[in-house]
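The structure under discussion appears below in the form of structure tokens.
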Amino acid sequence: MAKGKFERTKPHVNVGTIGHVDHGKTTLTAAITTVLTKKFGGEAKAYDQIDAAPEEKARGITINTAHVEYETANRHYAHVDCPGHADYVKNMITGAAQMDGAILVCSAADGPMPQTREHILLARQVGVPYIIVFLNKCDMVDDAELLELVEMEVRELLSKYDFPGDDTPIVKGSAKLALEGDTGELGEVAIMSLADALDTYIPTPERAVDGAFLMPVEDVFSISGRGTVVTGRVERGIVKVGEEIEIVGIKPTVKTTCTGVEMFRKLLDQGQAGDNVGILLRGTKREDVERGQVLAKPGSITPHTHFTAEVYVLSKDEGGRHTPFFNNYRPQFYFRTTDVTGSIELPKDKEMVMPGDNVSITVKLIAPIAMEEGLRFAIREGGRTVGAGVVAKIIE
């Protein structure tokens, strides 16, 4: 049976549930789809359908993730939920599921737990811009003062990791009651409040085409009589014929002019996000451009060698290393289209990193790469992936 045509009339936003094990992330996910389906149509998903998340591979890493979708009056949401803590770590670091905002689920009966903290830290490190809190299992807490205390703890924890704890929407409810069809304050009403918080607190994300032009260089050709053509897929923004662009990374940044855009052997007057194009550059020699650099709107992105990152190290079963690595480990860092060697500095309290761990590191590359916070990369040894990471903070 053919699926109904996907009507992309409402703006699209990506979200996901995060939080400690057994605090009710999957139950909440099921409750949201159930309650919103009644109101706005769509497809309700039962707990078991979400819990039996299929395996997927992102950059060679196995991750279990459930994807559901739902609609509110104003938006269409794609929502990810992971069964295990390790899946969250991998998901957030690889960016397999980019989140425009996260729903932090915290049990009112238990308060913040170790993974509550770890997921907030991860969200900060990988650049999840907004967090909304669902204080779950409120039906199990009779004491209003206790609820207030838990809410305060969660706000403090958010503030500690540079989220605006005092201004974060916190919805109190019970995912279980909502899922069972309870129409009270803690049931369906709470889910509708959460939907409203999603709609109002998380801004509509900028579309890729509205960003500053950026295209990773995949290949460079010299065409006699025309000049140098650089091919790749436009990651964001638009490039128009006649515009000035910069070549950034590996070598000192240089300015050039786009004198032509080709797609499928046809000449266009512009290339935009998602297009695989060839860009003709005026006065640029073939040897001035190489794979691993980017073409970008002047001043929009800068090259860097020194940064902190959050990384996940593949386990042996995932084809990763069989042994730990230590301070000053020197693998290759694969950014966009090329490998650059770099050295890793571990946190003071970490002597070594075991396969299957995630860790915050500081990296120094031997050549600069066009970089911004939130950029994903792979860690490789002789061409095989041994880790995945995301730039947390640029140092220089």
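In case you wondered, yes, glycine gets a Cβ from its N, Cα and C as well.
Note that the structure is a prediction, hence the values are computed from the model and not measured.
Lifted from Swiss-Prot, the feature list:
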BINDING   19-26, 81-85, 136-139  GTP binding site
BINDING   Thr26  Mg(2+) binding site
DOMAIN    10-206  domain 'tr-type G'
REGION    19-26  region 'G1'
REGION    60-64  region 'G2'
REGION    81-84  region 'G3'
REGION    136-139  region 'G4'
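Annotated features taken from Swiss-Prot, shown on the structure.
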{"residue": "Gly19", "record": "GTP binding site", "DSSP (3 states)": "strand"}
{"residue": "Lys25", "record": "GTP binding site", "DSSP (3 states)": "helix"}
{"residue": "Cys82", "record": "GTP binding site", "DSSP (3 states)": "coil"}
{"residue": "Cys138", "record": "GTP binding site", "DSSP (3 states)": "helix"}
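Ranked by CA distance from Thr26 (Mg(2+) binding site), the binding-site residues Gly19, Cys82, His85, Cys138 have Cys82 at the top as the closest. Helix first, then strand, then coil: DSSP counts for the region 'G2' (60-64) stand at 0 helix, 4 strand, 1 coil. In this structure, of the binding-site residues Lys25, His85, the smallest number of CB atoms within 10 A of the CB marks His85. Averaged over the region 'G2' (60-64), the predicted model has a pLDDT of 83.
Using a 10 Å Cβ-Cβ cutoff, the residue listed as 'Mg(2+) binding site' registers 23 neighbours. Within the set of binding-site residues (Gly19, Asp22, Cys82), the lowest number of other Cβ atoms found within 10 Å of a Cβ is recorded at Asp22. In sequence order, Ala108, Leu147, Lys172, Gly173, Ser174, Leu186, Ala190 make up the list of same-chain residues 6 or more apart from Cys138 (GTP binding site) whose Cβ falls under 8 Å from its Cβ.
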